[in-house]
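Trainee: Can you keep this structure in mind? I'll have questions shortly.
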There are 2 protein chains.
Amino acid sequence: MRRTNIPDAAIRRLPVYLRVVSELAEADVPIISSAEMAERTGLSPEQIRKDLAYFGAFGTRGVGYDTALLARRIARILGLHRGVKAALVGAGHLGHALARYSISQHKDIQITAIFDTDPEKIGTDVMGVPIQPVSELVETCRAKGVKIGIVAVPASAAQTTAELLKEGGVEAILNFAPAKLKVEDVFVQNIDLTIELQSLAYYTSASEGDPGDGQ
Amino acid sequence: MRRTNIPDAAIRRLPVYLRVVSELAEADVPIISSAEMAERTGLSPEQIRKDLAYFGAFGTRGVGYDTALLARRIARILGLHRGVKAALVGAGHLGHALARYSISQHKDIQITAIFDTDPEKIGTDVMGVPIQPVSELVETCRAKGVKIGIVAVPASAAQTTAELLKEGGVEAILNFAPAKLKVEDVFVQNIDLTIELQSLAYYTSASEGDPGDGQ
């Protein structure tokens, strides 16, 4: 059965499958069963079969999935097979680390431009990628065909940054700024470290828990 | 109505509410309506009323919520009112930035210890917090009463790190390593930058989309 849409939740699991099958393919393990995939991902075999079926990867009953084939197929679905260009805005501590991390980790997502407003940072580089003034963002992103924007600026500058990225042709944003972005026709994924850390506190004995649970 | 449990999804929204009402309280804005809260958070007024009702904050009909009171109440629910101690393991680029970011941003989540295996890093500090050898992790975390662990080590070291943190008394882990952690009785939240970036690619024109959608 062919689908015209894959749920966001399934899309977010595809890179997990991609990691598992890529590692196996590189290790010359040709086949993985959905049971093995479940063990390695912590997801249920049913969930895995359902997710992969969305894009027509059914595997072979009683045998499993061809790891190399599945890796190629997932990469194509995500658009990683030809590499996706990304730009980082905000080369502060977090942005700088994100850039180094991304540049060193991701061959398929390439950080090809970095922007900041700090004159002391402009002209320097992160692992060979020069830090440019934000005034060059739109033109540079258009010229390089940047599709993904990583926003690591202060909350007060986040919305403006997102609008510049859209103007530069960016279609998806990973937002680390603690601010709600409003940009039409741009997919925004937020990662808010404050929220992650504060939420975690609830699960520790520091929390008083719910008013009604007797803690 | 009192509850003995608040859903994880609602817990993850509490810090968002906390941020909004704290900012307003600091700006001497005493009251916020759920409609205003919805505008500032992007959540529906119904969702907000439901979330806040979980812990008995109903606001005043036709008036709204007392910003200072709600901030204090959410902080207590999360255990932030007395500060929660956190430890970071892995002072690489990402870990170092996470430490600087957290130390500078969070008064309520205090990074009180940092651990690494690199002899060149051990003995140095991040904004006054010394980097100690991992061999001191368990003892230090116990002595300081660390409840939250931030894991920013390579995937190959993540599981061992998580087990050490549990032995040190950590009850919740924020895991940045691209590895699935198995630690009983410890709440684990994963942030996987590779997965976030690769998922984003699907929403760009680099993606070929679904096999069936004619792209």
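Cβ atoms are placed via backbone N, Cα and C, with glycine included.
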Trainee: Please find, within the list B:16-55, B:136-175, the residue stretch that TrEMBL describes as DNA-binding region.
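Mentor: It is B:16-55 that TrEMBL annotates as DNA-binding region.
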Trainee: Pick the one among the binding-site residues B:Gly90, B:Gly92, B:Gly95 whose Cβ has the fewest other Cβ atoms within 10 Å in this structure.
Mentor: B:Gly92
Trainee: Can you tell me how many other Cβ atoms are located within 10 Å of the Cβ belonging to B:His93 (NAD(+) binding site)?
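Mentor: That number is 20.
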Trainee: For the binding-site residues B:Gly90, B:Ala91, B:His93, B:Leu94, which residues show a Cβ-Cβ distance under 8 Å to chain A?
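Mentor: From B:Gly90, B:Ala91, B:His93, B:Leu94, the ones near chain A are B:His93, B:Leu94.
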Trainee: Summarise the DNA-binding region (B:16-55) as counts of helix, strand and coil residues per DSSP.
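Mentor: DSSP classes over the DNA-binding region (B:16-55) add up to 28 helix, 2 strand, 10 coil.
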Trainee: So which of the binding-site residues is most packed in, judged by how many other Cβ atoms lie within 10 Å of its Cβ, out of B:Ala91, B:Leu94?
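Mentor: That would be B:Ala91, with the most Cβ atoms nearby.
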Trainee: Could you put numbers on the helix, strand and coil content of the domain 'CoA-binding' (B:79-180), residue by residue per DSSP?
Mentor: 40 helix, 31 strand, 31 coil
